[in-house]
């Protein structure tokens, strides 16, 4: 009896989970399917779409029209560069906040987070003027700086919550053994913090990859990442579903694959200190 | 525990982040505050003149402002409700043993990796379009009149799109938390004859509170500034039905090219966001206290 | 650990520092992702063969993104682009600001006098040509010849609004999903307001009088909006308040519209048998009038302009002259056929017997010639522009008013209320902007 209910229950759970998972994933799947259709077929009813011929036409067209590799490479440099820079600044900050907390540490953290609430559009013109004056328009370095600053609060916070879970006694023990501050961070803390750092890194690569306001506004061609590549495939004239699907697939595929492969690492540190 | 020495070191280590963020906040913000007191149209440079609080007055008194305020809150609230409730449910489901767990989990988290512009374009065109979209085709197959989502339920449609992107995030965090739940305690309760509902209310929910708090906090930060999804799908319309504050600021500064008015709107948005933030931190700070 | 971390970071930083070195003659061209522009990018070999010293870097964007980017850049003198694709709305405003390089000194074989006068007029500021037209369009009536015949009517070449109404009534067959008329209803200064403003011109309405006072409280605007709403509510498709160009195109191609008044560029889509089920049953006529001397058609062109202050003015001019030349039209005709030539810019194109064989060529030309951006309305007005008012504020105003009229079409407000709201809103904005003293 009991075994039977478990079996039934597992069947129900399996069906439910697969159905829901499929529904959530469906928009992405459908986009991928449409990208292998011709423009004329892509607007047909779903069943007709599935039975129509498959083709690489849209990919050819997208490839001909835009320099995917350039945009892709810019996305890689921007997201990775900004994340590493943010980690470099955030690790010491988060360390000291976690292990030498002051009265104002919490407030400081919250203030950092609140800088993320400034609506980007509101400061576009000042930013554009500053970028112009510093010669940073359409440069990767300029965008790396902006993306770093945008994500810094989240990075600090994620690391802070992770570091806080590292027991202080270990550090004290190390200190007794005569470890100085530097070796304390390097040899004791860092290894313990690697999973947290890894998932922070992943989350921020994703956030930076998908940032679509500044990357679109402050670049033209040299530093333009995939967000700009997408901006040329929605058209007010004529059919565009297949081309848009192909471009979308190309834009999200790299990060999707990275995300899938690293989901274990991503999840491990994604607790923001909420799990004890 | 900290010595004077390590305290100084700590200050030194925390200062780059603080200084950078401070500059990042104060320089554009300072310029924005300055612009917000100017009559400054982007297309008429050299005509800037001091107007005092006029820009603020116009921004607040336009009828779109109050709509935008309400829409902003509805959008944040709506997405939070969907993602938290959906996330808990989904996390509970995925926490069960079943065949193909890995694949299902991969499918569920996928939307989080899709950039907002792409997800908005995909939903708008391939799904919600009343002529060629998937939903329209389905409606027609059943002999129904296709529903025009983006003109008849614009805000709800945008909430749906945004919630789709954030549901995986909530699910992931909640699932991680759920997996750290004490199995033995759970089993003991089951032995004692506690019903599923009771176990859920008295064991699972309290255990998830902190994670839910974190989800709410992080998502709120991102949701307050939702912009790309609106720009791509409805342009804030019809009327002001889907205009939120960031979009209103955008319309003011880049459709009307009224940098002064847009800056004033930006400052107002910052103030409001901070009010929400303080409110939130109060609420959550307590929850996160260890 | 330390060393590797540092090396990794160093590598990233230097990677990001190593921006592409600028070749002396690389020009950056910002353009919209419409078919004609995309086609040009495929034909760049011809340009490179002629001018091997100039390399063209394309930045292709969707219309709204493009407009916002180039406007921000030119207004702040960001200097990101050497050639910008701009509309007839921007050209006079930017020209007046002195932001655009005068194109009066293009080489003689450019033959500036060959440009269609209506288009050229809209791009000339104080005697300077500030942008070179790449393609131009107007709007016209596209109708189903079979349905017209069934209704027992004959579409004149230059119909009146009353005839359109009568025809719409007779062609409508709601049970058979045929709607007499499809018109734009989606809010936006380039969407429903492009149509309604052009339509209002033929009703004798105007946005502003000579003192910049909004005129929405006047009878001609009431007539325009009432007529439009009556037409759409009785003979239009359902859900019209969200129909823009693309939606109406789909409806017409599927045979659901008797008539459609929209951009001339649509003609090539509705007559293309690959996408259109009614390709061989489409007729064309001029946009309707009310007997007041103005027709309800607009005038638009996408143009190439050079921002003042670019370091590469000469190369940019060479490119602009090539892209908008007669030779380029001939090149497209040779490679892609006459029907794909960018239309609406040159008189000589329409004199070409080959091009005259294209079914919609004549009506496109007549429509363009029937619009006069410098005198758009029945009464005198202080502004330039047929379906827009060439002042910086119009984009915002047009969109806001468009939303009010769209709401009226959806039935959530009445025509009177929509007009009263528009009047109040525009008056406030114009007062604030200092037009109304």
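Here the Cβ of each residue, glycine as well, is placed from N, Cα and C on the backbone.
Per TrEMBL, the stretch carrying the note transmembrane segment among A:47-71, A:72-96 is A:72-96. In TrEMBL, the transmembrane segment annotation falls on A:184-209 of the listed ranges A:184-209, A:210-235. Non-local neighbours of the transmembrane segment (A:184-209) in the same chain are 75, 78-80, 82-84, 86-87, 90-92, 95, 147, 150-151, 154-155, 158-159, 162-163, 166, 170-171, 174-175, 225-226, 254-255, 258-259, 262, 265-270; each lies 6+ residues outside the stretch with a CB under 8 Å from one of its CB atoms. The listed stretches are A:12-33, A:72-96, A:108-129, A:141-163; of these, A:12-33 has the most Cβ pairs under 8 Å to the transmembrane segment (A:240-261). Ranked by Cβ pairs under 8 Å to the transmembrane segment (A:72-96), the stretches A:12-33, A:108-129, A:141-163 are led by A:141-163.
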